[in-house]
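Please read the structure below before turning to the comments.
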């Protein structure tokens, strides 16, 4: 049987459920190697070492940030020597895994990550060297997800992002920017910017509810109004039509701003004044369940 590598976020090294699930697969005859991350860059190094182990699948065991780091390293490998991606959701929000209908039960998720059908999915590339598999968020949404305290995440899980956002409404400030892409141009002040390959962010909020991960397109949604924010956020996260929510789909877009703005790429912040974001169609293979709603 082909070899599999599990890259496990260091925070989960002592997780007994993970250890049990790994043992069960090994008892079935699966050759499953495990590497634990300690610091930034470990996941990339483990991915690069995977070729020497004749690995067919690399499993990202952690949250959205871990998945991002593994996927970003995979796309850098030659296509002929690129393992498939498996996902073991162990984070706070697990936005990408949840929207893909990957089970949150550790044993079920690990079985899927090893034995599931591999399908081609898109990645999004930012400024030629950064990537996201799920979503890039800007504006108020970025500040919520990057500033939510770890203790609040531990207690409340995905809901912590929304609650922390309510607590921080006094800090709301729009980002002035220009956005253009094929057949689309807009300039103004945006409270929330969502650029989705996947659909949800911030602990289960469907910011880009129509996005697909294999259509060669990104869904862009902008919240531009200055009216009462709670009502607007309800519209954004529920998918309701609202004149202050602008949306489109496009294969690439460019964003320019007179000042630094910060985007959250699957949980990882990236700041600058100029961004080019484009889809890489069929970038990697990912093991997903048959009922994954993000496949067109």
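Any Cβ shown, glycine's included, is placed from N, Cα and C.
Swiss-Prot annotates 37, 63, 64, 65, 66, 67, 68, 69 as ATP-binding residues; of 4, 92, 98, the candidate listed for that same site is 92. Counting only residues at least six positions away in the same chain, the Cβ atoms of 294, 295, 296 sit under 8 Å from the Cβ of residue 212 (Mg(2+) binding site). Take the Cα of residue 92 (ATP binding site) and measure to each of the recorded positions 215, 217, 268: the nearest one is 268. For residue 66 (ATP binding site), the nearest neighbour among the recorded positions 215, 217, 268, judged by Cα separation, is 268.
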